[in-house]
């Protein structure tokens with residue numbers, strides 16, 4: 001029986017065959033645990049007829065699992081050196097396409113819309129740790145018809161993104177992501193499940209039940225949330241007043257009261273919904289005037 005791509009022996013075989021070397025600068029750590037590969041596909045409920053966007057194919061480990069389940073996979077891969085490797089490992093799958101480009105420079109709506117018009121998209125990926133947040137925000141801002149997102153990220157980052165109010169990990173990224181949908185840290189993945197072994201453990205983060213928030217509120221929220229958490233130990237009124245917004249302190253206090261929020265509270269005590277209401281009540285700020 002042909003070895004699956006998550007087999008450590010298969011990975012070594014591919015390295016020797018193609019002279020492939022891992023690129024730390026691209027965050028390349030490949031899964032070598034079949035149970036984790038299957039668990040990720042199970043969590044995303046990948047099945048026949050699904051359209052899956054993958055970011056970073058590696059040698060095709062996760063791609064192979066999803067293709068075997070009957071999904072159509074469109075994978076954006078930045079590393080051109082993987083062309084011969086992926087042609088070898090995934091060439092037999094007719095419904096897998098590898099698109100060589102930087103995902104952050106890719107118009108995802110255009111590319112996926114042309115290939116899969118009027119189809120819902122599931123995102124399933126093992127993300128490079130160093131660009132986790134930019135990629136997630138790029139996905140959420142892409143206007144894709146997303147069904148769900150399941151991505152492997154650093155465990156600490158997953159905990160921050162899924163944290164609830166009052167927790168130490170709760171911060172600006174928790175609020176901003178949770179304004180976009182339901183965020184959960186689902187599967188713990190120890191560092192021993194990868195080759196080469198990273199210095200940290202990982203977790204699978206999911207985003208579902210997406211909220212269609214207007215762009216203006218999101219821009220306001222991004223500025224307000226960043227300001228609120230910039231001085232966690234201060235009251236909201238003081239943190240927002242000292243951030244550099246071109247707004248008088250009295251006006252900021254008024255906006256807090258109009259949102260039903262006590263100005264003496266601290267950033268980590270507000271719920272995501274309270275931040276949403278505050279963003280709608282806060283004086284309009286622009287990117288240019290965000291920081292004084």
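Here the Cβ of each residue, glycine as well, is placed from N, Cα and C on the backbone.
For the S-adenosyl-L-methionine site, TrEMBL records 29, 31, 56, 77, 126, and the single candidate of 102, 107, 141, 143 listed with them is 102. A sphere of 10 angstroms centred on the C-beta of residue 102 (S-adenosyl-L-methionine binding site) encloses 10 other C-beta atoms.
With a cut-off of 8 Å between CB atoms and residues at least 6 apart in sequence, the same chain places 6, 37, 58, 61, 62, 126, 193, 194 near residue 31 (S-adenosyl-L-methionine binding site), listed in sequence order.
Using a 10 Å radius centred on the Cβ of residue 77 (S-adenosyl-L-methionine binding site) and all shown protein chains, the other Cβ atoms total 23. Among the residues the record lists as binding S-adenosyl-L-methionine, namely 29, 31, 56, 77, 102, 126, the two farthest apart have Cα atoms separated by 21 Å.
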